[in-house]
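Copied from TrEMBL, the annotated features are:
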type: ACT_SITE; residues: B:Glu497; note: active site, proton donor
type: BINDING; residues: B:Trp355, B:Asp356, B:Lys611, B:Gln612; note: substrate binding site
type: DOMAIN; residues: B:19-257; note: domain 'Glycoside hydrolase family 65 N-terminal'
type: DOMAIN; residues: B:320-699; note: domain 'Glycoside hydrolase family 65 central catalytic'
type: DOMAIN; residues: B:709-768; note: domain 'Glycoside hydrolase family 65 C-terminal'
2 protein chains.
Amino acid sequence: MFMNYNAGQGELKNWIVEETAFDSAFQGKCEVVMSQGNGYMGARSATEEKYVGQVRNLFVAGTYNKFDADEVTELPNSADMSAIEIFIDGRRFHLETGEVSNYSRRLNVKNGELIREFTWTNTEGKSFEMRFRRFFSQANLHLMAFDVQVKALNSDAKIEIRSGVDAQLSNSGAQHFHEGEKRIYDKRFIELLQHTTESKVDFVFLTSHRYLVDGQETEIDPGLQMDRRKVWLNIHHDLKAGETFGTEKVGVVHTSRDKQFDVEGYELQALRDHALTNLKNNADRSFDELLEESAAEWDKRWAGMSIQIGGSDFDQLAIRFAQYQLNIFTPMHDSRFGIGAKGLSGEGYKGHSFWDTEVFMLPFFIYTMPEVARSLLEYRFKTLDGARKKAKDNGYIGAQFPWESALTGEEVTPVWGAVDIITGKSTKIWSGFIEQHITCDITYALWQYYQITGDQKFMDDMGYEIMFDTATFWTSRLEWLEDRDMWGICNVIGPDEYKEHIDNNAFTNYMAVENIKLAIRYYEDLETSNPKLLAKLSDKLNLIEARKMWLERVDNIYLPQPREEDKVIPQDDTYLQKEIIDLTKYKEQPFVGGLFQDYNLEQVNEMQVSKQADIMVLFLQQEDKFDLETKLANWNYYEPKTLHDSSLSLSTHSVLASDVGNPELSYDLFQQAASIDIGQNMKSSDHGIHAASIGGMWQCVVYGFGGVRMLGGNLRINPNLPKEWDSLNFPIYWKGERLEVTVDQEQVRIERPEFNGQALNIEVAGEPRVIDSTEVTFNV
Amino acid sequence: MFMNYNAGQGELKNWIVEETAFDSAFQGKCEVVMSQGNGYMGARSATEEKYVGQVRNLFVAGTYNKFDADEVTELPNSADMSAIEIFIDGRRFHLETGEVSNYSRRLNVKNGELIREFTWTNTEGKSFEMRFRRFFSQANLHLMAFDVQVKALNSDAKIEIRSGVDAQLSNSGAQHFHEGEKRIYDKRFIELLQHTTESKVDFVFLTSHRYLVDGQETEIDPGLQMDRRKVWLNIHHDLKAGETFGTEKVGVVHTSRDKQFDVEGYELQALRDHALTNLKNNADRSFDELLEESAAEWDKRWAGMSIQIGGSDFDQLAIRFAQYQLNIFTPMHDSRFGIGAKGLSGEGYKGHSFWDTEVFMLPFFIYTMPEVARSLLEYRFKTLDGARKKAKDNGYIGAQFPWESALTGEEVTPVWGAVDIITGKSTKIWSGFIEQHITCDITYALWQYYQITGDQKFMDDMGYEIMFDTATFWTSRLEWLEDRDMWGICNVIGPDEYKEHIDNNAFTNYMAVENIKLAIRYYEDLETSNPKLLAKLSDKLNLIEARKMWLERVDNIYLPQPREEDKVIPQDDTYLQKEIIDLTKYKEQPFVGGLFQDYNLEQVNEMQVSKQADIMVLFLQQEDKFDLETKLANWNYYEPKTLHDSSLSLSTHSVLASDVGNPELSYDLFQQAASIDIGQNMKSSDHGIHAASIGGMWQCVVYGFGGVRMLGGNLRINPNLPKEWDSLNFPIYWKGERLEVTVDQEQVRIERPEFNGQALNIEVAGEPRVIDSTEVTFNV
């Protein structure tokens, strides 16, 4: 048990994730779980000193680059400033030599600070108290800071610290940067200027150090060093017994992708000057001062989004951890960028945005930070041209969003994946070609956003355009099913990615029909509410023609229905006819993907085995379209055949379990989902944070246990508190107004702190209610 | 003391370099000193398991690639097959955990085998005897083989071995390969196909494994794995107490740069097939069988080049080590390639060829392996077009060889180097622009080759052309010195690289004049001996005009003369007027380049401080042009001002010390030179082997102590045996005939094992002698 959840005391109770021992075999875990960032950039928390197996990553949102013509664009692994190597009496300090005691590494999710401390005794018997701290600033998105303190406990020692900027890193071998230009100004300000190879983004990395002896700033004349892609200082100090030597390091990163520089007439020198000014303005400030400034921003965030769970310390910490992550990996500052499927915490999925954003993470933002939700939807709007290109390239019309999306909305899903154990070749990844439901997922999500926030301006500026053009895509995508005399959607991958090239995936068909229906409905709306806008959109999107096709086809699209005998909805045209195999072995394995050590995808495709929720996600999205009996029947049929090999699966099942009135199961699945990253499995997070699962945790709490849902434009709050919890308190924003919901085993209280006299009609605990004061309580 | 020289016993006495303890801080040392190769390819001997600070390198001669337009071409770090990771009961094996005993790593320079063995006890108390062996085949230049044996001493254990091909490596961040194509045939033959990014060289890496339990081959069904740029097997075995599990791995590398494929009509598939065939032909053969085949080739090499030193085991081992290295890093198989300044053992100097080849390494080959010497000179001939381009680009005519040379003879010296501590910027490297003596060094070397071998065909085919066209370059390069009414050579760097932009460097001027004189002399020769060839060359090289210029200028070129007062020859026009500083501090430092922590190059340029031998190299090259008194005077003046910051310096000084009759000093310097790589300094070889110094060691022994020299076309053998040696025996080839020279403190014996009745007139021990039998002995 390396992970401890009780390290936070007093004010910090349930705010601290702690690692209690160091093991180089498990570095990936806390590199990711304790990753830091601010949406502008994010980094794995690899230790200052190096170990085999470590992955050092720094990603700056939106700075995609393509290494090679036949590869896809990805977030480049940027130069590392977090490596701070310590040499004691000429020997490299690391924890695999000597003795370590009192080890603790703690991520404070309240203020974003990471602290690592321990006592280390080298093989000569010299003991040192060491403390490492770091954070990425929420107040200055370009800034990160580090603090290294070494106290000699029992003897003098020569200490050397090597610290600077190291750009020898790559993305698993793919190098995205030119060599660049190195410079040390005034023996203090280290600069590395680099450019990405294909996207031509300029990066300025700058860092400076302050030196402290027993807390007093001191001057040191460091050795200056340069190597390929690397520039650093050798900092020497003769440490006396009892003395503490501290090095505080500030790093800043600015790029030509930054909004203010990504403009006509941009000049590199202006970027360099701007970056150097930022560094110089902060170089003489202490770590604590900079941290405080950042922590104040975190306080504001928490005031807006805080969730209180009574009765379970772990769950309280887990939901805070999830919200911490949602805050550090989301590029809230810039609507040109989406969220990566691994946030900014690893190379996994290359920093690309998937349906994970709209279906798993967006709900948190819609209900809690609507301006961020808007920014994320705006990102999709800004990629419409890429989506139109994709539709056109595939012979369709309208807008077809890419399965994986980067900066332009063009398809960036890689084509080759893991080994096929039968052929010995790389397996072809079909998602970029035929996993198409993303397009209706986005429209459904923006409709949710619209209904919950009432943001008409967004709809006028962006929402309708996406809605109409995706509907057009879907109608052009339909194929005529001769056998059924209906339209269908053939040759797709649904949410369950273990089924490729299938016809009429239930999720896809239902969601596509919804997409078209929304377009029809809002077209009609606009005819009366805003004919001018409609005319404009009609011009641009050729809506007269398009609408004709929507109307012609929408009512004759095949939607798989529950079978008469058992209410099971066929996941696709052939799933239910496939072979059923014993999955016990794979369900028991503590890792995912074990099936592929025995079968290749072609074989798996012919079995009733699912990677993840499929029909279940449909139930979650269109909750009011299916009755309880159908939901239960399908749960009982599909869940045993589902390996949950995708981290997207558990939270969906948890919310569904709440929906079907099984809070125990729901709670169990929530805890499993919560454990994916911060649990005791030390190998589960190596490739990066499970961003969708993190978003799903919020859904488990607020959708599942809180029972919140927007259905048909109306708010519903039907709590299903698990017996393990005494109470649950969370904020949601409804039509721009903050509501605070407090649930316990007997009651639900709705507070309207900004109550303006206007009554609010919502469903609470199964009944329509009127909330017409600052606080109303109902029995559940 | 990590290095031991007495590990070899019996037949292996003085053939084994041993490391007696492992310390991850000193990995570079034995990675380099124990590097392996066969001229086709070479690798640092990084351990099978990984440690921080390790440098894993595999270089294939001649496969240069340029990462970026503004970088220079370099040997790309190719995919690694030497990493073989062992997991015991799920934990990664490495020597920084648990307990290690009986550690020994031994390079056998006789057969090229590297053996590492030890007993390791993990933290659970399970003990294992481990043995790792590897070699690069001399019989099959494309093949390397590994053998890993793990014996469980006291308990059962689950063992997992992860082994395959890993191309995530780069050259300090510069990636030279496209991602490539991965494939596993028959669950056994792992293939990675890659292409360099700019030079478009195709590489095929292939590997396969055999598994042995207690020496008996066994079948294992491995897990197949692929990642970016990486393909490998997970090999599982349940090891019983007392049982030994062995994995033998064979790897082959073939490239489209290989002679047989670098042709018109080349097809990638043919290369792949050829490589796979080579692997399959060897996949079922045992490590020992493959090793034996390679060792037989080594035996032939040693029969040709063996040197016997009586009286010092270390010196005997040291010279064998030097010859081992000369054999593994020299691309003897292909005259399109030169020798890298770090051989094939590191990224240092990017695999480029310098004057190091001709001045420091070629003498060994000329006297011992003339066919290899010829190949190396042919390499220069093949780069003549590049040299002509360089001359032309600089406004000269003829051929100007590049300071650093790769495949084409175009200049490839990088332009930016280490930090300038004053400006904080990278220091500009001027060598590629103005370090020009390489051009006369090459001509002088080929003349040596011609004189010693009598290889007239080489001269006819290549030698004259180089000689004439370089002479033409030099005459066009001359500048008129108004103050002296003579021609001079201004703005150069001589061998002493701490003096930039100097005029009339003595070494350069003397050697350039010699170059022109040789051209004049052999032009005249050809007029009578081969007018037809002369006419052909005259046509091609415009010799009528050229010769006019040679003759006009050669006798009026300024050659710095010894000063009347002290016989000191000015190293250049200004050296002797510069400031003299106290160098004690820098001479005492155990590392090189310390001066630049206090001064920048601009400042050093204004001091009488030398990096390395300069005038001394001139004395060595043109030994008969300077008298003893002058040599001594200059030694006494310049040596105290020389930091020997270049590894090229010590051997030159050692030979010179022999020449001036100071064998003690000579011996001391030889031992210093011998210690640069295999000595006890564990940090001296990190960037790669000191190839020139290695070549210099042979010169110390044969030129210095053996007193061998070709002077004016005649052979001279004036031994100066150090008192520490009882005897010295070495072979030399003179005009194609093998001579064996045996020296002791009293006598020198010359053997002519192939004596054909023709008398040989040479100088031995100071007198002209006639060798007219199979064995003649003289007193010294």
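Cβ from N, Cα, C; glycine included.
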Remaining residues near the recorded substrate site, that is with C-beta within 8 Å of the centroid of the site residues B:Trp355, B:Asp356, B:Lys611, B:Gln612: B:Phe354, B:Pro495, B:Glu497, B:Ala613, B:Ser646, B:Leu648, B:Ser649, B:Ala692
Same chain, 6+ residues apart, C-beta under 8 Å of the C-beta of B:Lys611 (substrate binding site), given in sequence order: B:Asp496, B:Glu497, B:Tyr498, B:Thr642, B:Leu643, B:Asp645, B:Ser646, B:Ser649
Fewest-neighbour residue among recorded positions, criterion Cβ within 10 Å, set B:Asp356, B:Glu497: B:Glu497
Cβ neighbour count within 10 Å of B:Trp355 (substrate binding site): 25
Local Cβ density at B:Gln612 (substrate binding site) - other Cβ atoms counted within 10 Å: 22
PLDDT averaged over the residues of the domain 'Glycoside hydrolase family 65 central catalytic' (B:320-699): 96
Helix, strand and coil residues within the domain 'Glycoside hydrolase family 65 C-terminal' (B:709-768) as assigned by DSSP: 0 helix, 35 strand, 25 coil
Reduced DSSP assignment, B:Asp356 (substrate binding site): helix
Largest separation between Cα atoms (Å) of residues that the record links to substrate, namely B:Trp355, B:Asp356, B:Lys611, B:Gln612: 16
